[in-house]
Amino acid sequence: MKGGGAYINIGSSSSSINSSVSGSGSANGSKMTLGKSVKMYLTIFIATTCIYMVLYQYHMSREPFSPSEIGKPPLYIITPTYRRPEQLAELTRLGYTLKHVANLLWLVIEDANKTNPLVAHTLDRIGVPYEYMVAPMPEKYKQTKKAKPRGVSNRNRGLEYLRQHATEGVLYFADDDNTYDISIFEQMRYISKVGMWPVGLVTKTGVSSPIIRNGKLDGYYDGWIGGRKYPVDMAGFAVNIKFLRQRPHAQMPFKPGYEEDGFLRSLAPLANDEIDLLADECRDILTWHTQTKKNPPAQALNKTRYSNTNLEHIDKLLVRP
Ligand code: UGA
Ligand code: MN
């Protein structure tokens, strides 16, 4: 009878408190005791609920994205990358941009035969959901003295991944060195087939953009048209996944200068009025074709001179071509 004993104890102790405070009779006193303990339990209950709610609110405010953001159509960002001194810096900058975007999978695909642990470490540290894959440029293109089809095998590997793993949402090719305003990602989620928008810092015109006349797509503005049906930059369009999957042969050609055009043509049939015009109907610039200055490869570290120093550690973080 442990419980009963405890009950009696509580009752008697509160009754004694009760009598000492109010000085009322014993029958009346037990009623008051009951009332007081109900009040006490109610107070504890309300206080606990309040504390719980405050903690929950705090927890939710620490979560990067709200449940409504997580329910948005997914974005698949295909980023070609390759080994060079700037690589980790480019990936870090792009990665922290993407970290502001909910429900996104970052497909980082390196033009290499094997993955690089330094790249994987950088991606882990950034904390954006990612897949890191390799897709080397075919040898015949690597050897050529002419312009190379940069990032093409990488992007086609990304398309292959999407055909296997993605059913809905939107795909975007984000080169590792460009600059992106995060609002373009929110806009591209809702593209029904293909979406386009201006890209700054492209050719002598300073911008590559669809031309909109009377609310309709009416050609393209770009310093180099080159006989292209779609003279647009890689950073200036995105494609709906369902639409892509209805075109099982769509891919990017190994044709320098014509990668975007070739890929968009391979999405036929696609009528001009089926192209969504983003960035305030192409009146705004939200992506830029920035180019990073090439840096010379880091010289070898003098291992004798700097043995047992931090430089031995830093040296392992340098990407040498
Ligand atoms: C421009 C376009 O913006 C690219 O989308 C296009 O692929 C390229 O021209 C081209 O036609 O060759 P650009 O700034 O000149 O891009 O080229 P990079 O930034 O050097 O390369 C484009 C992407 O491919 C980058 O993400 C880069 O990391 C990757 N890349 C570059 C490779 O995967 N392998 C390479 O050997 C070079
Ligand atoms: Mn570039």
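Glycine is no exception: its Cβ is also placed from the backbone N, Cα and C atoms.
Taken verbatim from TrEMBL:
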{"type": "TRANSMEM", "residues": "40-58", "note": "transmembrane segment"}
{"type": "BINDING", "residues": "Asp177", "note": "Mn(2+) binding site"}
{"type": "ACT_SITE", "residues": "Glu260", "note": "active site, proton donor/acceptor"}
{"type": "SITE", "residues": "Gln299", "note": "site 'Interaction with galactose moiety of substrate glycoprotein'"}
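Sequence-distant contacts (6 or more apart, same chain, Cβ under 8 Å) of the residue listed as 'Mn(2+) binding site' comprise Glu86, Glu90, Thr290, Gln291, Thr292. Among the recorded positions Asp177, Glu260, Gln299, the residues whose Cβ lies under 6 Å from any atom of ligand 1 are, in sequence order, Asp177. Look at the recorded positions Glu260, Gln299 and count other Cβ atoms within 10 Å of each Cβ; Gln299 has the fewest. Taking CA atoms as the reference points, Glu260 (active site, proton donor/acceptor) and Gln299 (site 'Interaction with galactose moiety of substrate glycoprotein') are 37 Å apart. For ligand 2, the recorded positions lying close by, meaning a CB under 6 A from one of its atoms, are Asp177; the full candidate list was Asp177, Glu260, Gln299. DSSP assigns the residue listed as 'active site, proton donor/acceptor' to a helix in the three-state reduction.
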